[in-house]
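The following block contains the structure, expressed as structure tokens.
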Amino acid sequence: MKVLVIGNGGREHALAWKAAQSPLVETVFVAPGNAGTALEPALQNVAIGVTDIPALLDFAQNEKVDLTIVGPEAPLVKGVVDTFRAAGLKIFGPTAGAAQLEGSKAFTKDFLARHNIPTAEYQNFTEVEPALAYLREKGAPIVIKADGLAAGKGVIVAMTLEEAEAAVRDMLAGNAFGDAGHRIVIEEFLDGEEASFIVMVDGEHVLPMATSQDHKRVGDKDTGPNTGGMGAYSPAPVVTDEVHQRTMERIIWPTVKGMAAEGNTYTGFLYAGLMIDKQGNPKVIEFNCRFGDPETQPIMLRMKSDLVELCLAACEGKLDEKTSEWDERASLGVVMAAGGYPGDYRTGDVIHGLPLEEVADGKVFHAGTKLADDEQVVTSGGRVLCVTALGHTVAEAQKRAYALMTDIHWDDCFCRKDIGWRAIEREQN
């Protein structure tokens with residue numbers, strides 16, 4: 001069968017690479033893909049943008065694509081799933097209505113409140129003055145979020161009132177995030193440890209994926225501004241069996257049932273960003289209506305199940321007949337980024353030292369890369385590669401991932417040196 005993966009990041013390289021391992025599959029197309037997917041023998045890039053839904057549909061129909069897997073949020077919010085389904089094509093992802101769980105922070109917070117799903121206390125604002133009054137009433141630390149899609153960067157954790165007020169003015173009056181910031185959510189600062197809890201949903205049944213933990217801040221020891229994610233590992237030891245059960249009972253099931261009850265039946269990957277307190281009680285920080293990036297990369301490296309088989313079962317409402325199998329080992333991925341990210345960065349730098357053949361128990365996933373006219377791999381984004389490895393412990397996986405990137409370099413590249421530090425501290429204690 002033929003599979004189409006929509007997207008061009010590290011997440012899509014990992015999903016397409018995994019899909020191509022299925023015995024059911026003869027070809028995996030990636031639209032538009034990157035240099036990594038271009039160089040994979042089993043994958044084929046297609047020059048169509050992720051939100052060009054008419055062109056994606058034409059391609060899928062002409063090529064007789066049997067299954068489409070959507071990577072990023074933008075096409076989901078624009079209704080790619082609705083369009084493909086209306087044309088009778090199999091596609092795994094939520095409808096535009098269901099994708100509001102990520103497309104609007106205010107929609108999500110109101111939904112959580114309606115269904116008594118644990119989350120931070122909050123209020124929505126469109127005007128500067130009432131927002132500032134609320135800030136002064138609540139004090140700092142406090143969290144300010146742009147309502148719409150801001151590529152994972154529309155969240156400010158303000159440690160002082162001055163910082164909070166500046167963020168509100170930037171978003172509501174200064175247009176810092178364009179349309180995404182025309183409405184903001186202000187919410188209480190939650191203390192605890194974060195985890196990424198990702199599941200597959202078929203509208204009614206849920207199949208949990210392996211747990212993971214992302215590293216959002218750009219600098220070591222979680223300093224500096226938020227990014228799309230600088231590295232991740234799986235599994236996340238903070239998600240004990242008990243926390244896993246609580247998350248399913250208090251968050252995932254009520255969300256799936258609540259969405260269905262409100263007429264937005266959810267199918268696709270559902271990613272709950274959790275904050276877990278000292279007592280092991282999870283609260284929802286955010287929902288994403290897709291797999292996380294960079295979490296996908298270490299999770300796919302551990303996945304033993306057939307991803308395509310699971311997606312097909314989900315499209316048919318038969319996820320309850322499936323289980324997922326994982327490598328017992330831990331995996332860890334480190335993002336190599338362009339100097340200046342998450343601010344302004346340069347593109348077009350040649351990347352040297354990429355491994356020429358497959359690596360045992362490791363993989364270099366490409367994100368912001370493209371093939372230049374002379375077939376050299378050059379940078380084309382802020383997050384450029386995710387260097388990922390397996391190990392019997394998180395510490396071993398970390399050591400292998402950093403060893404794998406020793407020879408890889410380009411002008412002004414950087415990475416965090418401490419990915420996995422929380423899990424490693426746990427292992428050492």
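Cβ atoms here come from the backbone N, Cα and C positions, even for glycine.
Below, the features straight out of Swiss-Prot:
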type     : residues       : note
BINDING  : 135-196        : ATP binding site
BINDING  : Glu286, Asn288 : Mg(2+) binding site
COMPBIAS : 213-223        : compositional bias 'Basic and acidic residues'
DOMAIN   : 109-316        : domain 'ATP-grasp'
REGION   : 212-236        : region 'Disordered'
On the 0 to 100 pLDDT scale, where does the domain 'ATP-grasp' (109-316) sit on average?
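Computed over the domain 'ATP-grasp' (109-316), the mean pLDDT is 93 on the 0 to 100 scale.
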In whole Å, how far does the CA atom of Leu135 (ATP binding site) lie from that of Glu286 (Mg(2+) binding site)?
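Distance between the two Cα atoms comes out at 21 Å.
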Look up Leu135 (ATP binding site) in the DSSP assignment and report helix, strand or coil.
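Assignment for Leu135 (ATP binding site) reads helix.
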Pop the Cα-Cα gap between Glu286 (Mg(2+) binding site) and Ala167 (ATP binding site) into the table, whole Å please.
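Rounded to a whole number, the Cα-Cα distance is 19 Å.
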How many Å lie between the Cα of Arg183 (ATP binding site) and the Cα of Glu286 (Mg(2+) binding site)?
16
Looking only at Asp191, Glu286, which of these binding-site residues has the biggest number of Cβ atoms within 10 Å around its Cβ?
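Output for this query is Glu286.
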Rounded to an integer, what is the Cα-Cα distance in Å between Asn288 (Mg(2+) binding site) and Val143 (ATP binding site)?
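Rounded to a whole number, the Cα-Cα distance is 18 Å.
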Provide, as an integer number of angstrom, the distance between the C-alpha atoms of Met159 (ATP binding site) and Glu286 (Mg(2+) binding site).
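Cα-Cα distance, Met159 (ATP binding site) to Glu286 (Mg(2+) binding site): 20 Å.
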Reduce the DSSP letter at Ala167 (ATP binding site) to three states and note it down.
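Note: Ala167 (ATP binding site) is helical by DSSP.
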Let me make sure I understand the structure: which of the binding-site residues listed (Met159, Ala167) has the fewest other Cβ atoms within 10 A of its Cβ?
Met159
Under 8 Å between C-beta atoms and at least six apart in sequence, can you list the same-chain neighbours of Val143 (ATP binding site), or say none if there are none?
Ala120, Val155, Ile156, Val157, Ala158, Ile186, Glu187, Glu188, Phe189
